[in-house]
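A.B. asks: Sharing the record's features from Swiss-Prot:
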{"type": "DISULFID", "residues": "CYS52-CYS86", "note": "disulfide bond"}
{"type": "DISULFID", "residues": "CYS250-CYS281", "note": "disulfide bond"}
{"type": "DISULFID", "residues": "CYS292-CYS322", "note": "disulfide bond"}
{"type": "DOMAIN", "residues": "31-88", "note": "domain 'Sushi'"}
{"type": "DOMAIN", "residues": "103-345", "note": "domain 'Peptidase S1'"}
{"type": "CARBOHYD", "residues": "ASN148", "note": "N-linked glycosylation site"}
{"type": "CARBOHYD", "residues": "ASN152", "note": "N-linked glycosylation site"}
{"type": "REGION", "residues": "259-264", "note": "region 'Interaction with CD163'"}
{"type": "SIGNAL", "residues": "1-18", "note": "signal peptide"}
Amino acid sequence: MRALGAVVTLLLWGQLFAVELGNDATDIEDDSCPKPPEIANGYVEHLVRYRCRQFYKLQTEGDGIYTLNSEKQWVNPAAGDKLPKCEAVCGKPKHPVDQVQRIIGGSMDAKGSFPWQAKMISRHGLTTGATLISDQWLLTTAQNLFLNHSENATAKDIAPTLTLYVGKNQLVEIEKVVLHPERSVVDIGLIKLKQKVLVTEKVMPICLPSKDYVAPGRMGYVSGWGRNVNFRFTERLKYVMLPVADQEKCELHYEKSTVPEKKGAVSPVGVQPILNKHTFCAGLTKYEEDTCYGDAGSAFAVHDTEEDTWYAAGILSFDKSCAVAEYGVYVRATDLKDWVQETMAKN
């Protein structure tokens, strides 16, 4: 039996053993542990209880307790001989943001409040963002994936040109890239890792929402490795708190254009974002704090206080605002969830 993040607790002859799966310790003998005395009209039962390491949760049809039957099989009354699984916890950072702080002039993330934030280096060394959504998959933008590639490039062409880091500069290998089938209007792609990452306080996925957290005025946090006020890529992860903006005002600000990269007279940055039913805007007009080049692919993270869980309400697509264009543009996570789950299941 082997499972990432799993621990088995065994009660044998009255002695409790904790066995970490993967350590080749399936046979346990302890001569110093005597067999418990028999009792009238009773018997001794051998039990195992499956538990998970910190930052993992047990997924099982039963209670995780298995007994040894007459055929020498470990079985559970509800699950039979089907073993439980340890799944990665999402959206539960050990050191969540605890300040209302306003990644141009944003704050440094000294505590590891955004363990889902990944750094992706594209072809020719450009820094972009990606967001861990499971222990083996990340979301980023299709535009990030196509940086310095032609429009004719395929997912197989792109994957070998990317370098990806999670946690404190932990290099991870990429197995494949999957592009959204409507990437011209839904600026999203998925990255699958060759191996599952071990979830820790420094590396943890963020949850995808089942309900919509996007409403004007709703505050969210965006972290990133993008350019700073000096237009240089930051060496340390930074974050900023921004409100969801009124969609109509945002569209008016960008001349209501839905044509990507179309130059306009009003747009302060000379290009237009993709704006449609799959996107929302966030940003401030009175402060210097903002996302900037290189932050795309990062999550608009919101905290559900009732569940005490962090969700990715969106993924930053248009990161060229840089405290000049007022609004960054995000792809709605609720519009992605079905496609993401189907893609991960198929691959």
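Each residue, glycine too, has its Cβ placed from N, Cα and C.
Quick one: where do these features end up spatially?
C.D. replies: The secondary structure of CYS86 (disulfide bond), as reduced to three states from DSSP, is extended strand.
Less than 8 angstroms from the CB of CYS250 (disulfide bond) sit LEU275, CYS281, TYR327, VAL329, each of them six or more residues away in the same chain.
According to DSSP, ASN148 (N-linked glycosylation site) is assigned to coil rather than to any helix or strand.
ASN152 (N-linked glycosylation site) is surrounded by 6 other CB atoms, counting those within 10 A of its CB over all protein chains shown.
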A.B. asks: Taking every protein chain in this structure into account, which of the disulfide-bonded residues CYS52, CYS86, CYS281 has the most other Cβ atoms within 10 Å of its Cβ?
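C.D. replies: Of CYS52, CYS86, CYS281, the one with the most crowded Cβ is CYS281.
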A.B. asks: Let me check the 10 A CB neighbour count of ASN148 (N-linked glycosylation site). How many other CB atoms are there?
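C.D. replies: Other Cβ atoms found within 10 Å: 12.
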A.B. asks: Work out how many Å separate CYS86 (disulfide bond) and ASN148 (N-linked glycosylation site) at their Cα atoms, rounded off.
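C.D. replies: With distance taken Cα to Cα, ASN148 (N-linked glycosylation site) is 39 Å from CYS86 (disulfide bond).
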